[in-house]
Amino acid sequence: MTTNKDPQVKGAVKTEETTNGGTGGIIKRLRRSASATEHNLSNLRNRKSTQNLFDQHGNPIDLRQYRKVLDKDENGNGMNGSEKKLRYRRTQSVTRAEEISNKEEKQRRAQPGRPIHRPRDSLFSWSSGFTNFTGLVNWGFLLLCIGGLRLGLENLLKYGIRINPLDWFFFISGHNEGEGYNALILSIYSLVHISLCLAVEKGLAMEIIAEGLGIFIQIVNIIVLVCLPVVSIHLRGHAFSLMGASTVCFYYSVLFLKLWSYVQTNMWCRQTYYQKNPRERRPSITLAELKNGALDGGDEDEAIPKLVQYPDNLTYRDLVYFLCAPTLCYELNFPRTSRVRKRFLLKRLLEVVIGANVVMALFQQWIIPSVRNSLIPFSNMDVALATERLLKLALPNHLCWLCFFYLMFHSFLNAVGELLNFADRNFYCDWWNANNIDTFWRTWNMPVHRWCVRHLYIPVVQMGYSSRQASTIVFLFSAFFHEYLVSVPLQTYKIWAFMGMMGQIPLSAISKYIEKRLGPRMGNIIVWASIILGQPLCIMAYYHDYVVHHFKSALNGTDYTSQIFKMNYN
């Protein structure tokens, strides 16, 4: 182990020794180390283990500097003479053995036979310490590309070129689907809920509305907001196109989360504001005085930019900025950039345009035929053939998912953030390195993760529930919206997406167990397997139920059934 010559580390060690009673300080410090255990502390005293030991700050500890300290027992008492003699005799034996071994090696190498062998482990052995497998990673990537190209060529030879941008336009615009512009009207109607939310918050700030009544109105408002698309699409489903219904459900889901954050954040500000400015003094304060900051006390430094204070934030301008910003968590003062980088913005917009076309092309050319071919095996419960269809759908679906992730979380959100001078661009973390399912869900979608932690998990824990119960509530909430975004547009009310999300709880425990027993690499493989195989299975299940629910009479026809059979098995 290399010697640590950092004076800061030495100073910290000396300070720790002095604070904890001199000689006992290093032992107590080692106990607090993330890499020290009861087992290797005894080995340290016997000089058996001196590697991979770090202090609380992650700095390596050179045990040779603390030989006298480690020679003492756990309570700081020195060892008796017999123990010291035994340690000395053992040290001499080890030193003598190493000396003999080195001399033997030198003599062996000095032989005229030109020896070339020395003690070494195979590279695939864990004890070898070899970690550079870049060539194997490149080999796996190349093999994956070749397999994907083969499947793409097979699809092209079997179905021909199916890509038609005109069909994309018809699908997005809802041409020949629905009646009128119901999705657009429903989106515009959301301004009623937004205006009501702002009006109630102003009434609460001016004490025109009682606190309890205002909170009740806000709760009813956001519940009606999220239920409105369900009722509208259920009653007039024929008037909505599939794309229009999906857009409305997604828009109302995001609006629900944003208004929840807006209401709760203003409630926190209002509670703090009342603590600084008691209620009995406020009846004589007018709204104009509030807007002019009449209650703000103390001198302010002119060099420091003045931040927006409650209730000055209760304006349409502030609310509209938050609704357009690439975040779900409301703040009175968002971090802002100083300018718009035109070149960066142009790159992100080009990525959005190109990425959208790539996703639509993959969907039309590859996914639609694979999903259609899975109908009969799923209906007949042919496990072997259904599994083959699932594996065949896994690759194009995963490619679309990766493209959509980059398109949405990097290109689109960065473009919106650049236009609005929104400085927080941490929309995702390194989810691809997640060693368990729990880590994946905390890193792949940071706007939703921050909202769940800030507005759901922490308030539930503060109410007295345990962290496990709070996590279960968060998963229930997420499972509801996953089902909401799938079942409502399809008008096929099943529970596959809900069960898939709730199944993440036991899967998270399994992945953590595998990570602990088999290592982080196997845990990461479990995460990737769940992503690659879980999504196409859910797609196949919903497509089967959608066709059976909406085209049941057509499926009963002999001609249609035989046509579908020929299409799937040719």
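Each residue, glycine too, has its Cβ placed from N, Cα and C.
Keep in mind it's a predicted model, so treat the numbers as computed, not measured.
According to TrEMBL, the protein has these features:
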- 1-25: region 'Disordered' (REGION)
- 68-117: region 'Disordered' (REGION)
- 96-108: compositional bias 'Basic and acidic residues' (COMPBIAS)
- 123-149: transmembrane segment (TRANSMEM)
- 180-200: transmembrane segment (TRANSMEM)
- 212-233: transmembrane segment (TRANSMEM)
- 239-260: transmembrane segment (TRANSMEM)
- 349-368: transmembrane segment (TRANSMEM)
- 395-416: transmembrane segment (TRANSMEM)
- H482: active site (ACT_SITE)
- 525-543: transmembrane segment (TRANSMEM)
Which residues in the same chain, at least 6 apart in sequence, have a Cβ under 8 Å from the Cβ of H482 (active site)?
A497, F498, G500, M501
Under 8 Å between C-beta atoms and at least six residues away from its ends: which parts of the chain pack against the transmembrane segment (525-543)?
371-372, 374-375, 378, 386, 389-390, 393-394, 397-398, 401, 434-437, 439-440, 486, 490, 492, 494, 496-497, 500, 507, 510-511, 514
For the transmembrane segment (180-200), name the stretch out of 212-233, 239-260, 349-368 with the most CB-CB pairs under 8 Å.
239-260
